[in-house]
Structure formats: C-alpha cells, structure tokens
Amino acid sequence: MGDWSALGKLLDKVQAYSTAGGKVWLSVLFIFRILLLGTAVESAWGDEQSAFRCNTQQPGCENVCYDKSFPISHVRFWVLQIIFVSVPTLLYLAHVFYVMRKEEKLNKKEEELKVAQTDGVNVEMHLKQIEIKKFKYGIEEHGKVKMRGGLLRTYIISILFKSVFEVAFLLIQWYIYGFSLSAVYTCKRDPCPHQVDCFLSRPTEKTIFIIFMLVVSLVSLALNIIELFYVFFKGVKDRVKGKSDPYHATTGPLSPSKDCGSPKYAYFNGCSSPTAPLSPMSPPGYKLVTGDRNNSSCRNYNKQASEQNWANYSAEQNRMGQAGSTISNSHAQPFDFPDDNQNSKKLAAGHELQPLAIVDQRPSSRASSRASSRPRPDDLEI
C-alpha cells in the first residue's frame, strides 16, 4: 500500500504541473498501454514461440524461421516503446522534484525571516528576494504552480521528444512487421533442408491488438501535437496581452521624468534646478537656482523664483544695514530667460563680478573719536 500511495502522490503532483493535454496523455499511457499490455496482450502472446510450427522435422529449423519472422516480440517492442516515450516525462518529473525541493527551502527560509521580523529586524529586502525566486520557479500561493521559465521549457522539450519517439517506433514497427499478421510464413534458411511453411497461432487476435496499439500510439501523438500548439499559442497570447514580470517594475531602474532636466531637485511643477549664471552686481559665491531654459513651461516659474530670491537677499542685506541702492538696482532688473542661447551668453559675459563693500554701521566709541581727531606724526598735510 505504501508504494501505491507514493505513486498516487506522484501522479497528483504531475497533474498539478501538467496541462489538460498532458493529463489526458497520462491517462492514455497508464490505462490503454500499461494496463492493457500487462493483462490482455501478454496472454495473447504468451505461447508465441511454442505455438509457431513448421512443416519439417529438421532440428533448429523452427527456431531460425521464428527469428527471421519476428526479430523482436511485439510485447517487448511495445515495452521498449513505452519506456522511451516515458523517459522525457521522467526528466520533466525530475525538474518538478527540483522545484518542489526549492519550494520547501524557500518556505523554510521565509518562515525564519518572518520570525526575525517580529523581533524588529529589517528583512524586507530578503523577503522580496524570496518572492522573486518563487515567481521565477513558478511557485505561487497556496501550493499553486504556474508553468513558466525553465519548467515551461522542459515541458516543451519533453513533448517534442515524446512525439519524435512515437513517430520513430511507428516507422520501425511498420518496417519490421507491418500492421497485420498472416497465418503462414515461408522460410528458407539453414539448417532447413528446403523451403518450409510455418504457421502462426491466433493471427487474427494478434492483428486486432496490433491495430489497437497502433491507434493508441496515433492518439498519443495527436495529443502531443495538440498540447504543443496549445502551449505555443498560449505563450503568444500572454505576450500579446502584455503580461510581464510583476517584479520588473519594482526591481528595475526608475526612469527620470520627462519634464525634469536634472535629477538634483524637483519642484511641484516638475522643473529641475540647475545652477543659473551669476547676475550683475551679485556677490561672490552667490548662486541662484533656476529651471531649464529650454523648457517653456518652466519660464514663468523661474522668473518668480529669481525675483523671490533677490527680494529675500535684499531684505537680508537691508537688515544687516547695507545700502539698498545696489540691491534695488539689481533687483529692478529681474532675470529673463530668452529662447536664444546666443543672447543669454552675451548677457552672462557682458557683466563682471563686483564685490559689495561691507560697511560697519556700529557707532564709534569716544576713545575712537578722540583718536581719530588727534593728529599723528605720520599724517600727511594737504
């Protein structure tokens, strides 16, 4: 019972990893081939060599004539056919077991990370990597599996090899036996003294089984072809619908906005903030931030920003007691951003930097006033 339960679990897992055509193919394989081969066909060919008679008494003549007529028994030929046809499926099952093993490891690691997460450890990146690996192997929630990636390629290759083996064995059977058996076979081979006639037992019954196995092989081949086209067109349909990797958007690089010319700063209107050239009468080291000049949607905002910057700078200097005429004159002419790059270059090159004189407005003390009015020996006479 243990072996049957293990086989049942294996078949259940294969059903989960197969398409509808694959499930039908497995049913045909196990019911109409293996089961029929082990019951009815074996009994029909049980007395094949013993019932093969020739009209001669020469020892060894019947054996050589049987070997010439049937190089390999039909039963053993069909056993080899089932083995070769099942090998691609076994390779696919090996890949399934590999995915199952990966699923167990990933689930165990995910549980450990979730336990660590409850203790306050930041494991979001590791959990994300586990989710990406599960998607890569086709593992989904609640044990569901979607055929994709390497598993899908293995499945397609197995279908191709099964189809090739089916066609090859059909051609070999047609070349060796044909698809029917005759009641009398003529043989002329040593040590037979002359040409002898040999007789086959139950030729009609065996012909019926041969035709039945031929039909089963053709049905299996048709199922493989239908399944191959189904998988191919389903993949094309998924691509047409635009189904992509859901983790691609989160793991891929983010593209910058079209309205932003520089990734340094981003304002509410989508304008960037490259450094503007120095204006006339601006102090050394002072820079204004403006938007992209080539972007017409940002020009009004850049003018307002520059005017506000100058107003703030004027207020700050006035609070410090600096003469406001210079600032007011420079502020009276706000920045303009013409579309012509040549005019902007002339404007930037036509003005030189003029440092502002810092005047100390603190009241002088009495000592200093006396010292300033007292003549000193090194003073010059005018």
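Residue positions begin at 1 at the first shown residue.
Every residue gets a Cβ built from N, Cα and C, even glycine.
Swiss-Prot has this to say about the protein:
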{"type": "CROSSLNK", "residues": "K144", "note": "SUMO cross-link"}
{"type": "CROSSLNK", "residues": "K237", "note": "SUMO cross-link"}
{"type": "DISULFID", "residues": "C54-C192", "note": "disulfide bond"}
{"type": "DISULFID", "residues": "C187-C198", "note": "disulfide bond"}
{"type": "MOD_RES", "residues": "C271", "note": "S-nitrosocysteine"}
{"type": "REGION", "residues": "244-382", "note": "region 'Interaction with NOV'"}
{"type": "REGION", "residues": "264-382", "note": "region 'Interaction with UBQLN4'"}
{"type": "TOPO_DOM", "residues": "2-23", "note": "topological domain 'Cytoplasmic'"}
{"type": "TOPO_DOM", "residues": "45-76", "note": "topological domain 'Extracellular'"}
{"type": "TOPO_DOM", "residues": "98-155", "note": "topological domain 'Cytoplasmic'"}
{"type": "TOPO_DOM", "residues": "177-207", "note": "topological domain 'Extracellular'"}
{"type": "TOPO_DOM", "residues": "229-382", "note": "topological domain 'Cytoplasmic'"}
{"type": "TRANSMEM", "residues": "24-44", "note": "transmembrane segment"}
{"type": "TRANSMEM", "residues": "77-97", "note": "transmembrane segment"}
{"type": "TRANSMEM", "residues": "156-176", "note": "transmembrane segment"}
{"type": "TRANSMEM", "residues": "208-228", "note": "transmembrane segment"}
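Locations of recorded Swiss-Prot features on the structure.
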residue	record	DSSP (3 states)
C54	disulfide bond	strand
C187	disulfide bond	strand
C192	disulfide bond	coil
C198	disulfide bond	strand
K237	SUMO cross-link	helix
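Per DSSP, the topological domain 'Extracellular' (45-76) is made up of 12 helix, 2 strand, 18 coil. C54 (disulfide bond) has a Cβ environment of 20 other Cβ atoms inside 10 Å. The CA atom of C187 (disulfide bond) is located 9 Å away from the CA atom of C54 (disulfide bond). Stretch with the largest number of CB pairs closer than 8 A to the transmembrane segment (77-97), among 24-44, 156-176, 208-228: 156-176. For the pair C192 (disulfide bond) and K237 (SUMO cross-link), the C-alpha distance works out to 66 angstrom. Long-range Cβ neighbours of K237 (SUMO cross-link) (same chain, at least 6 residues apart, Cβ-Cβ under 8 Å): none. Sequence-distant contacts of the transmembrane segment (24-44), counting only residues of its own chain at least 6 positions beyond either end whose CB sits under 8 Å from a CB of the stretch, comprise 11, 14-15, 18, 74-75, 78-79, 82, 85-86, 89, 162, 202, 205-206, 209, 212-213, 216, 219-220, 223-224, 227.
Taking a C-beta cut-off of under 8 angstroms and a sequence separation of 6 or more, C198 (disulfide bond) has the following same-chain neighbours: F52, R53, C54, N55, E62, C65, Y66, S69, V184, Y185, T186, C187. Along the topological domain 'Cytoplasmic' (98-155), the predicted structure has mean pLDDT 65. For the topological domain 'Extracellular' (177-207), the residues of the chain that approach it from at least six positions outside its boundaries are 44-45, 47-48, 51-56, 58-62, 64-66, 68-70, 74, 214, judged by C-beta separation under 8 angstroms.
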